[in-house]
Amino acid sequence: QNGERHKSAEIVIDPTQITAVKNGTTPAGGKYTYGEALAVVGQGWFHTLLLFVTGLCLMSVITETVNVGFIISAAECDLELTFSDKGILNGAGFLGVVVSSYMWGFLSDTWGRRRVLLVASCGAFVTSVLSTFSPHVWVLIGARFLVGIFISGNAATSYAYLAEFHGEATRAKVISWAAMFMSFGLIILPSLAWFIIPLDERFELYLFGMRYAMWRIYLLLCSLDLIFIIVGLAYLPESGKFLLTNGQQEKVVQILAKIYRLNRGKPEHTFPVKAITMDAIDSAYADELQRRSKMGLRYLWQQTVPLFRLPLLWHTVKASGLMFGIFATSSGLFLWVPDILNTYVQHEDMQLCDVIALMHANKTKALTVGADPSATICPIVINANIFLITSGMGVIFLACYILNGFIINRVGKKALLNGWFVACGICGLAILWTSDFYLTLILITAFASSGCLGGVLSAISVDLFPTNYRAMAMCLILMTGRFGAMAGSNIIAYLLTYNCNLIFILSGGSLLGKEDFPEMMLLPGTFSISPPQKPPELKKLSRTVDDEPGR
């Protein structure tokens, strides 16, 4: 019975019964399916605004979790930060994202996409602004953890909200464009830091009796994209697919008529769609949403437990382990790059770990000065060039994402993954033996670029799970990756104090020593082959609600 309950929905569709909007025919009585209505609406200004807002939602996940990596040097004296404090602070936002991912996914299916994005963005903005007034490191850590909890709603919902206003022809393309906004975040963050943080030497600002340093203003400016998101969402409607599957067909027609006016420039009363019906896929999706709402956490349990049983167990462990390693190596190290380079740029003829030892010595001196009441000047000097260097790394990461898109089909997903793992692992180990600043910088950039393989690993992992467990599997794998970013930051914090060489020996060695993915197995539900007895004119489609956009 358990097996029957989780079977993929098998839907048989006769192509002769499908009304062909593509051929220019109009369904009788003005009745359209949702996909046909989207084709009538077309593409235009509405979809441009939608792409911009959802792209900013995805970018906000990066800006609100990575931005603390650019302030830890500047905040070192103000908050008396140790290496351990920096590691916890760097990982606080990622931890918030991890612990709340499932919750936001469930709320997205019950509250609605737009409402979740509004609540998440408003909550993230308020907590982010409040975090800039933190008088103590643990207050800042707690505040950034709350920011991570709220910003996780944007990560969990943006793709679904964007995809549900697009048909099959444009959905994959716009999702790729929206994902590129995350790379833009890695370019904007250091560029803003380059402009703002060095101004600390010229200006002093006091608010509510406390020194409001430039690193606090930097955090405040990083949250401004959330204002644009909130304003944009105020003009955008709820997802038509979500409303349709909740029985609000009339409201869907009204929403699509307004989009029709924006895109086509024609009056709403000329919109030919008078009624929207659900096809078999939408009906199954609506039934599944109702089941999720009734079962609540039990539904998550039913979808998660099979991933840790044979034959899916090995795929879950391997994919999650690799994603954990990718995020721990790339994101964990990237969060420390500005702090490390700030000292390294002043000692260009030393090996990296010797520079880190010098950082530790400077740390002791900084705390000594901070404890001296007569000392008024913080000895930590911020070199603005490090932010330009980090911004350049962001441009390289963006180029790597684009390159992957061009060569992945020619080279193959597994070959690309394995080849890049080996190259990044070699670069990580080579860092230990070079004392040239620019060569070390190139090696660090190449080593951290392993993070660009997250998308390649996701593409491979999708094929390893049955359709009815695929969405939950990907959620679990990506959640493990974000946990890896948090863990990596704290592990690096520990090793920076006790054994710097182990950072690159363990990280580089793990990339070189990884095993290949097993060949894709033909698991139940992964593929569905039409039985020979079916008539040739009937096309059998095997789909579940997890195949719906953004699920």
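Any Cβ shown, glycine's included, is placed from N, Cα and C.
According to TrEMBL, the protein carries these features:
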type	residues	note
DOMAIN	48-526	domain 'Major facilitator superfamily (MFS) profile'
TRANSMEM	49-75	transmembrane segment
TRANSMEM	87-104	transmembrane segment
TRANSMEM	116-133	transmembrane segment
TRANSMEM	139-162	transmembrane segment
TRANSMEM	174-197	transmembrane segment
TRANSMEM	217-236	transmembrane segment
TRANSMEM	319-337	transmembrane segment
TRANSMEM	380-403	transmembrane segment
TRANSMEM	415-433	transmembrane segment
TRANSMEM	439-460	transmembrane segment
TRANSMEM	467-485	transmembrane segment
TRANSMEM	491-512	transmembrane segment
REGION	530-551	region 'Disordered'
COMPBIAS	536-551	compositional bias 'Basic and acidic residues'
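Residues 81, 86, 89-90, 92-94, 97, 117, 121, 124, 128, 140, 144, 147-148, 151-152, 154-155, 157-159, 161-162, 165, 174, 177-182, 184-186, 188-190, 193, 197, 200, 213-215, 218-219, 222-223, 225-226, 228-229, 232-233, 235-236, 331, 334-339, 342, 380, 382, 387, 390, 485 of the same chain, all 6+ positions outside the transmembrane segment (49-75), place their C-beta atoms under 8 angstroms from a C-beta of that stretch.
Long-range contacts of the transmembrane segment (87-104) within the same chain: residues 61, 64-66, 68-69, 72, 81, 116, 120, 137, 140-142, 144-153, 155-157, 300, 331, 335-336, 475, 478-479, 482-483, 485-487, 489-494, each at least 6 residues beyond the stretch ends and with a Cβ under 8 Å from a Cβ of the stretch. Among the listed stretches 116-133, 217-236, 439-460, 491-512, the one sharing the most Cβ pairs under 8 Å with the transmembrane segment (319-337) is 439-460. Between the transmembrane segment (174-197) and the transmembrane segment (116-133), the number of CB pairs under 8 angstroms, six or more residues apart, is fewer than three, so the stretches are not in contact. Counting residues 6+ beyond its ends, the transmembrane segment (439-460) has Cβ neighbours under 8 Å at 179, 319, 322-323, 326-327, 329-331, 333-334, 337, 341, 344, 352, 389, 393, 396-397, 400-401, 404, 408, 413-414, 416-417, 420-421, 423-424, 427-428, 430-431, 474, 477-478, 481, 504, 507-508, 511, 517 in the same chain. Using a Cβ-Cβ cut-off under 8 Å and counting only residues 6 or more beyond its ends in the same chain, the transmembrane segment (380-403) has close neighbours at 70, 73-74, 76-77, 179-180, 183-184, 186-187, 189-191, 193-194, 197-198, 200, 334, 337-338, 341-342, 345-346, 362, 366, 441, 445, 448-449, 451-452, 455. Nonlocal intrachain contacts for the transmembrane segment (491-512), taken as residues 6+ away from its ends with a CB within less than 8 angstroms of a stretch CB, comprise 83-84, 86-88, 90, 325, 328-329, 332-333, 336, 352-353, 356-357, 359-360, 421-422, 424-429, 431-432, 447, 450. Using a Cβ-Cβ cut-off under 8 Å and counting only residues 6 or more beyond its ends in the same chain, the transmembrane segment (217-236) has close neighbours at 49-50, 52-53, 56-57, 59-60, 63-64, 67-68, 70-71, 74, 114, 117-118, 121-122, 124-125, 128-129, 131-132, 154, 189, 192-193, 196-197, 205.
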